[in-house]
Amino acid sequence: MKPSHSSCEAAPLLPNMAETHYAPLSSAFPFVTSYQTGSSRLPEVSRSTERALREGKLLELVYGIKETVATLSQIPVSIFVTGDSGNGMSSFINALRVIGHDEDASAPTGVVRTTKTRTEYSSSHFPNVVLWDLPGLGATAQTVEDYVEEMKFSTCDLFIIIASEQFSSNHVKLSKIIQSMGKRFYIVWTKLDRDLSTSVLSEVRLLQNIQENIRENLQKEKVKYPPVFLVSSLDPLLYDFPKLRDTLHKDLSNIRCCEPLKTLYGTYEKIVGDKVAVWKQRIANESLKNSLGVRDDDNMGECLKVYRLIFGVDDESVQQVAQSMGTVVMEYKDNMKSQNFYTLRREDWKLRLMTCAIVNAFFRLLRFLPCVCCCLRRLRHKRMLFLVAQDTKNILEKILRDSIFPPQI
């Protein structure tokens with residue numbers, strides 16, 4: 001007899017799934033909104049994954065999450081490139097886009113300040129991203145605060161502060177303002193090729209000096225040290241440019257997906273909690289043999305298999321999930337206590353105490369007192385139920401993480 005699954009309503013929660021030093025794109029980014037994503041499919045897909053979780057069908061849930069991430073990946077993201085005039089912002093944008101300065105679509109560059117209004121650019125290397133080339137600071141008497149207001153910093157998702165030759169007070173002010181807005185930002189030191197060609201210091205020492213100078217200036221104003229990249233816009237394959245690209249791709253995924261998937265995880269957590277509550281009630285009030293479809297409700301190993309099946313974390317399902325996510329099954333099983341009863345008992349001291357030799361002997365002696373035996377049996381089952389539910393949450397969190405950043409095999 002196969003155990004039945006209960007349907008429960010779920011409300012979104014916001015667990016601590018992905019801590020960062022910076023606030024997410026939105027602290028209240030509801031998963032099922034379509035105005036952000038431009039897709040009316042998301043509410044439907046969200047409901048289908050919730051239904052799959054209630055029914056213990058994790059593979060169906062994985063398919064839904066993948067569709068969700070694919071849709072979220074199309075959300076437009078705005079990146080502001082800013083800094084002092086003459087720091088090479090336009091040249092950097094061209095290098096980031098892997099485009100020559102003389103091409104028609106390139107950002108104008110030159111000795112004279114060419115960028116007088118903010119200009120947007122796109123790149124096939126960063127789909128659905130708008131790179132904004134902002135006018136440089138310092139060319140007018142305009143304050144940094146007025147500049148921030150005029151350039152509409154509040155509309156930006158991620159900032160790249162360009163510096164060269166020196167890390168000025170304007171750079172520090174920009175960093176402090178952006179940090180106060182809770183936005184992600186990088187500092188990119190350009191023209192490194194020129195620094196290396198004119199410096200008497202070794203390359204290693206010069207790079208250390210630049211980074212230490214940036215850190216010291218930020219610390220004076222209590223600004224948290226952001227990602228810093230030392231590059232040459234003349235060669236986007238050297239120095240920190242590859243690292244910058246990789247970091248940017250990851251942060252774009254975080255900006256688009258982190259908050260919606262945190263909300264979705266909260267919904268999943270609620271569904272798992274509701275299922276636990278339903279089964280606790282059944283354990284307390286119903287025959288365990290009938291509820292679980294087992295012959296011996298004291299056979300903890302067999303009962304554990306049933307609980308894993310109820311939540312969809314049985315061996316076959318976990319194997320299918322791992323294959324679908326493009327990784328080995330041990331990536332998921334390594335974090336599971338409930339792989340088998342021996343492992344579960346070893347990992348959980350409460351269950352180990354409930355099933356130790358002394359308790360088992362006591363259990364056998366009190367066979368003639370059904371109420372006492374029944375109470376102990378139910379305690380064991382509730383503990384197993386709780387542990388399987390915890391494993392389910394861990395697997396769900398890993399699925400969501402891996403859907404944003406696929407594991408490297």
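From the backbone N, Cα and C atoms, a Cβ is placed for every residue, glycine too.
Mean model confidence for the domain 'IRG-type G' (75-251) is a pLDDT of 87. Per Swiss-Prot, the feature domain 'IRG-type G' maps to 75-251; the stated evidence is sequence analysis.
Residues or ranges marked as GTP binding site by Swiss-Prot on the basis of similarity to another entry: 84-91, 109-113, 191-193, 232-234. Around the Cβ of Ser90 (GTP binding site), 24 further Cβ atoms fall within 10 Å across all displayed protein chains. DSSP assigns Ser90 (GTP binding site) to a helical segment in the three-state reduction.
For Ser202, the entry in Swiss-Prot reads phosphoserine. In the three-state DSSP classification, Ser202 (phosphoserine) falls within coil.
Feature annotation from Swiss-Prot assigns ubiquitin cross-link to Lys270; the stated evidence is experimental evidence. DSSP classifies Lys270 (ubiquitin cross-link) as helix under the three-state reduction. Around the Cβ of Lys270 (ubiquitin cross-link), the number of neighbouring Cβ atoms within 10 Å comes to 17.
For 350-374, the entry in Swiss-Prot reads region 'Alpha-K amphipathic helix', with the evidence type experimental evidence.
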Which listed residue (Asp84, Asp193) has most other Cβ within 10 Å, given these are binding-site residues: Asp84
Fewest-neighbour residue among recorded positions, criterion Cβ within 10 Å, set Asn87, Ser202: Ser202
Rounded Cα-Cα span from Lys270 (ubiquitin cross-link) to Asp84 (GTP binding site), Å: 49
Asp193 (GTP binding site) versus Ser202 (phosphoserine) - Cα distance in angstrom: 13
When distances run from the Cα of Lys270 (ubiquitin cross-link) to each of the binding-site residues Asn87, Ser90, Asp193, the nearest one: Ser90
